[in-house]
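Here's the structure, in structure tokens; my notes come after.
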Amino acid sequence: MSQRQVAYVFDLNKCIGCHTCTMACKQLWTNRDGREYMYWNNVETRPGKGYPKNWEGKGGGFDQEGKLKTNGIIPIMADYGGRIGDFNLNEVLLEGKADQVVPHEKATWGPNWDEDEGKGEFPNNHSFYLPRICNHCSNPACLAACPTKAIYKRPEDGIVVVDQTRCRGYRYCVKACPYGKMYFNLQKGKSEKCIGCYPRVEKGEAPACVKQCSGRIRFWGYRDDKNGPIYKLVEQWKVALPLHAEYGTEPNVFYVPPMNTTPPPFEEDGRLGDKPRIPIEDLEALFGPGVKQALATLGGEMAKRRKAQASELTDILIGFTNKDRYGV
């Protein structure tokens, strides 16, 4: 068990889908050595199939009795987009068998394949962005599934890491993670994942995806720091919710659900209806039954600000400075 736990809060009302977080992570950690297909950080358009494709249906996690599920599957490479970066260079440059450099395989999926598609028909369509990283769970299924004890939680901060010297490449962890955030390096024969940028954390720096976020949607810190934004958003105000808590892994990435600030959908007669554009049931399927109360709290605090009244919650969510948004 870790002595303390770092956690994240992502405010989905501020995410603009710019993928700066993804590129920061990609350039730092996964642009070489068999990691080309890996996106430890990715930003999905929801509703959508996500990355890897249909990850919500891959199984894994724990059952209601707390037992590790054994029904998880290992996504095939096509679910990630195929052999990314694998081109016919030999045929074109050395053998003269082709005139144009193209991938060996035609991609049928990728990390942004269904970007901005969402759900519904214009003008009643809707979508929002969902950034995803490893949840650094308090009860990680990947750890429970590993027979070589290669996966552990760092005692000082709860970050989940893989000991590469102990990993034997059995991929039970890939099957067990219900979020599809454990990857297998085919070149090295080892499992790899987001490491929470712990080399940066040890130097007092925030993770790269947090530090580079253009929309300032990311909050980061210790869960038990009562003066920090994580504790206040998760425990005090209860507006930040875990993704698929029913998986039983106790994730430490939380989300402020998107508010329905856009006009409601049109009725058949052309008038604006009274239903929210993003169906509440869609949000509850992701973030659980606390969505309605979280949205009600957010709406109430925003109403106070429109009346020129003070609101601690909106001040926290604005995150005026880096110090306001993160720190350990």
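Cβ atoms here come from the backbone N, Cα and C positions, even for glycine.
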According to Swiss-Prot, CYS15, CYS18, CYS21 bind [4Fe-4S] cluster 1; which one of CYS197, CYS213 is listed for that same site?
CYS213
Please identify which of CYS177, CYS209 is recorded by Swiss-Prot as part of the [4Fe-4S] cluster 3 site containing CYS134, CYS137, CYS142.
CYS177
Extra residues within 8 Å (Cβ to Cβ centroid of CYS25, CYS194, CYS197, CYS209), [4Fe-4S] cluster 2:
CYS21, ALA24, LEU28, TRP29, TRP40, ASN41, ILE133, ILE195, GLY196, PRO207, ALA208, VAL210
Closest to CYS137 ([4Fe-4S] cluster 3 binding site): which of the binding-site residues CYS18, CYS167, CYS197, going by Cα position?
CYS197
Provide the three-state DSSP residue tally for the domain '4Fe-4S ferredoxin-type 3' (158-187): helix first, then strand, then coil.
5 helix, 7 strand, 18 coil
Under DSSP, is CYS194 ([4Fe-4S] cluster 2 binding site) part of a helix or a strand, or is it coil?
coil
Given a Cβ distance threshold of under 8 angstroms, which distant residues of the chain, six or more beyond its ends, lie next to the domain '4Fe-4S ferredoxin-type 3' (158-187)?
2, 4-6, 33-35, 37-38, 40, 50-52, 55, 58-61, 68-70, 72-75, 132-138, 140-152, 193-196, 198, 201, 243-244, 247, 249, 251-252
Closest of the binding-site residues to CYS15 ([4Fe-4S] cluster 1 binding site), Cα to Cα, picking from CYS142, CYS146, CYS167, CYS177, CYS209?
CYS209
